[in-house]
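Input: a single structure, listed below in structure tokens.
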Amino acid sequence: MASVAIKEPKTAITPKKKSKASRLCFTPPTNLHNNKKNIFYTRYDCIGEGGFARCFRVKDNYGNIYAAKVIAKRSLQNDKTKLKLFGEIKVHQSMSHPNIVGFIDCFEDSTNIYLILELCEHKSLMELLRKRKQLTEPEVRYLMMQILGALKYMHKKRVIHRDLKLGNIMLDESNNVKIGDFGLAALLMDDEERKMTICGTPNYIAPEILFNSKEGHSFEVDLWSAGVVMYALLIGKPPFQDKEVKTIYRKIKANSYSFPSNVDISAEAKDLISSLLTHDPSIRPSIDDIVDHEFFHTGYMASTLPDEILHSMPIWPSSQSKSSFQRNLDFVASASGVGFGNSAGVEKNKPYALRTDEVDNDRILPSVLSPRDRVNPVMKIGPETKPVPSKLSTALHAARKSTDGSLGSRVKVLREESQSFVPTKSAVTEQVEPIQLIRSLSANTVSRLSKVGNMKSDIWISVKKTALKIGMALEAHTHALTSEDADSEPVLFITKWVDYSNKYGLGYQLSDESVGVHFNDDTSLLFSADEEVVEYALHPKDTEIKPYIYPASKVPESIRSKLQLLKHFKSYMGQNLSKAVQDESFEKPKNSTSNTMLFMQHYLRTRQAIMFRLSNGIFQFNFLDHRKVVISSTARKIIVLDKERERVELPLQEASAFSEDLRSRLKYIRETLESWASKMEVS
């Protein structure tokens, strides 16, 4: 049943028959072009049709497959419908959560408006339920956890979806929930604001929308709809379903529904549904309280859903250990950002106030609806994107490919093209001296190392030398950097990471495809790219780190639970996260001193970035605007990864010729390292 905006409940009872707005949308051309970004899309088959749009499979000129939601301009007859579309676009653009359909692009031609969205290969829960008739409780437990995580994220951003239903809840290729269609979404100015519009899909509308329009409604309407969804998944149809809309509303008003005796449903599931389908919105449970309900803590808890669910009822194990249940529950809850203390998603730009400027000619979309920079979320599910190179990456390539080789030409290109980055006020204001600083560092090492302890000494030297070399490079003291051989070995860096430090630790993947977890108990577990070798490392405070290497098939019992958790991290990152760089072949660095793998030894969050330090002294700074700077272990070379995931290597000795943006980032890195070294001396 289509979503409708309803002035009065009775208007939905006897709607006038008229052509769907989507019928006004003819099949668009085979080749589509976003003129602003100069991105081309090839249009393929129609994969869906709703009340107001048609959906087509498209492929961009980088080979990425998306879904294009196509709205005919002829269907936008008045300012009200145009503003409604603008609102949908701006709200959806502001969303960045692993369980919300990704918004990729937006553009128009003379006939249509195109919304390029993340493709959900396994379609909607409506289509799944048509095939399956009913789902099992473990499936519903998993899906509801992700639905609630997406709702928690929306509500935190003061967005009410208002049209949560089976048809708007999609599944990606890994059977993860993706909530879409923000056509009826409302953005609140503050948490106390109430919305008055009567809107929604009859089977899912909360009673306060229909019958308390004077008092208005708020976030709780989405929880009512979530209860309807949960009931439908377990029973096979919505609780108030009827052929007549008038009867549906009568049942909603009376809260008249029941649980069929021929359906096996647990008491916990019934209780949770009943609490969500409470007429008084003020006593519906909060989202985190819902996840704390007994329904989510009994039965079987899956960490993923197999493709088997798409066509048949899965057979779940008859029993599950408490540790396995809790681990899977924590994993799914943390990934979706639901549960007390958890959050997921990226705080993107808040929705802009809608523009009501007059529109010239055939143009409908304001320019602000086509963002020039698409910010990739830290946690992202779906195909990896390869957008048009950013200004930063273009400038860096121009600098590296400069034909005359002069520093002046490179300075001009980099400075003119890069965007500015403003670091926090410097805590280190002294001028950096030339080569004597590194020599004096060595001379003073003995007296100062007594302050930092045995284990910290090598780290302290690494941090101080890196900070000093960056400072000298920025001040054009390049002669101080030529006394050592340039880096000849490839530089590894972190391509993916996910933070579960509230429960376990921080997981990451390196550019050689090895995977590791830095656990909260100061241990690290590493898994080689070929999954044949496991390395376990302790991080003692005052002695040298001692790694233990095992064949993957002979891991001791004492660390098997950590290995299982690492595999969960690996699986999650493989399915859900984009790499920091486009796919390339990376040569594995040779280790002259041992056969051990590199691992992340330290990480530090600051206001501007998160810093990682690898065990061989490589530093990596991931800035909040998704640009990354990697500094080699000898501080001879840096790698710049821009937010479009392009990778450029530059010699640090040319820092004086870098763009103001990159120089500012290096200054910030230097200051952070200096501050860290100082703290090591006094800790």
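Backbone N, Cα and C define each Cβ position, glycine as well.
Residue with Swiss-Prot feature phosphoserine, selected from SER110, SER312, SER393, SER442: SER442. Looking up SER402, SER511, SER585 in Swiss-Prot shows the phosphoserine annotation sitting on SER585.
Among LYS69, LYS73, LYS80, the residue that Swiss-Prot places alongside ILE47, GLY48, GLU49, GLY50, GLY51, PHE52, ALA53, ARG54, CYS55 at the ATP binding site is LYS69. Region 'Disordered' is the annotation Swiss-Prot gives to one range among 200-224, 250-274, 375-399, and that range is 375-399. For the binding-site residues ILE47, ALA53, CYS55, counting C-beta atoms within 10 A of each C-beta gives the highest total at ALA53. A strand conformation is recorded for CYS55 (ATP binding site) in the three-state DSSP classification. Each residue of the domain 'POLO box 1' (493-575) gets a DSSP state, and the totals for helix, strand and coil are 22 helix, 34 strand, 27 coil. When DSSP labels each residue, the domain 'POLO box 2' (596-678) comes out as 25 helix, 31 strand, 27 coil, counted as helix, strand and coil in that order.
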